[in-house]
Amino acid sequence: MRFTNQTAATNFLLLGLSSDPELQPVMFGLFLSIYLVTMVGNLFIILAIILDSHLHTPMYFFISNLSLTDLFTSTTTIPKMLVNIHEQNLTITFAGCLSQACFAMLFASLECCLLAAMAYDRYVAICYPLRYTVIMNWRLCILLIIFSLLSSSVNALLLSLTVLWLSFCKDLEIPHFFCEITQVIKAACSDIFINNILIYIAGLTFGGITFAGIIFSYTEIVSSVLKISSVQGRFKAFSTCGSHLSVVSLFYGTGLGVCISSAVTDSPRMTAVATVMYTIVTQMLNPFIYSLRNKDMKEALKKLIGRMTFLC
């Protein structure tokens with residue numbers, strides 16, 4: 001087998017979710033619909049928060065950033081998949097593949113950080129309500145976003161740049177619908193031990209540590225809520241966490257499903273199908289979770305729709 005330098009590797013082949021020609025139109029329509037719903041839903045959340053002064057609080061500030069992250073996450077993967085299906089062309093350039101893998105890691109890491117920051121916000125709001133405005137000031141909120149973005153960017157760039165060390169064979173096939181970093185390095189012909197170690201470290205850092213922070217926050221929240229004497233007071237306290245808990249369960253639950261599927265099955269296609277829930281469906285459902293479970297968000301969306309109807 002002849003090896004080529006990474007700069008000589010011109011194209012990868014994204015095999016997608018299915019090679020059945022009859023399913024291609026169905027998949028194109030399905031994922032186009034999912035993408036449009038994701039874009040519209042998250043844009044409505046962002047606009048509603050921006051235009052409603054009552055929602056200019058740390059909690060909704062983080063929600064708007066989460067929606068923006070979901071927009072970018074979906075845009076990183078779905079459009080290229082739609083183009084490949086429409087043109088019946090599976091190829092993606094080496095540079096394009098590496099860029100897609102980098103952005104996919106960036107936004108996945110950023111989502112983990114944002115969910116942890118939102119858990120901390122709820123922890124302060126419930127456990128230290130009298131000091132909430134002092135602790136969760138705008139300076140801290142902006143610093144949390146900047147730190148999350150910088151750390152996620154460094155992680156994504158580091159893992160992407162290490163791919164440049166590898167050598168690749170010709171006719172590079174990736175059994176996935178986008179350039180997922182683990183699948184990319186599996187296509188390499190050189191030793192990938194260091195790359196795998198770095199991926200595991202990144203997974204533990206952004207997946208494990210952030211999830212541990214969320215668990216700690218909610219352990220403290222539950223402990224504080226149980227000290228409230230009235231049932232109505234407990235319900236009101238828990239209700240402010242309902243949407244966030246739903247999003248966390250969906251995001252980490254589907255992420256765990258991807259890890260389990262990759263561990264128990266040798267079929268990359270099955271792992272790719274599981275990844276759809278993690279990288280596409282979750283981003284589509286998040287706006288519905290926040291709009292359906294949040295009274296203030298419902299009112300803001302009604303006002304936004306009313307303004308748009310009046311303008312039209």
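The backbone N, Cα and C atoms fix where each Cβ goes, glycine too.
Note that the coordinates shown come from a computational prediction; the quantities given were computed from them, not determined experimentally.
Annotated in TrEMBL:
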type: DOMAIN; residues: 41-290; note: domain 'G-protein coupled receptors family 1 profile'
type: TRANSMEM; residues: 26-51; note: transmembrane segment
type: TRANSMEM; residues: 98-120; note: transmembrane segment
type: TRANSMEM; residues: 140-168; note: transmembrane segment
type: TRANSMEM; residues: 197-216; note: transmembrane segment
type: TRANSMEM; residues: 237-264; note: transmembrane segment
type: TRANSMEM; residues: 270-292; note: transmembrane segment
Would you say the transmembrane segment (98-120) and the transmembrane segment (237-264) are in contact under the rule of three or more C-beta pairs closer than 8 Å, pairs 6 or more apart in sequence? yes
Among 26-51, 98-120, 140-168, which stretch has the most Cβ pairs under 8 Å to the transmembrane segment (270-292)? 26-51
What same-chain residues lie close to the transmembrane segment (26-51): Cβ under 8 Å, and 6 or more beyond its ends? 16-18, 60-61, 63-64, 67-68, 70-71, 74, 78-79, 81-82, 85-86, 280-281, 283-284, 286-288, 290-291, 297, 300-301, 303-304, 307
Spatial neighbours of the transmembrane segment (140-168) not adjacent in sequence (6+ beyond its ends, CB under 8 Å) are 3-6, 9, 58, 61-62, 65, 94, 98, 101-103, 105-107, 109-110, 113-114, 117, 120, 181, 184-185, 187-190, 192, 194-195, 198-199, 202, 205-206
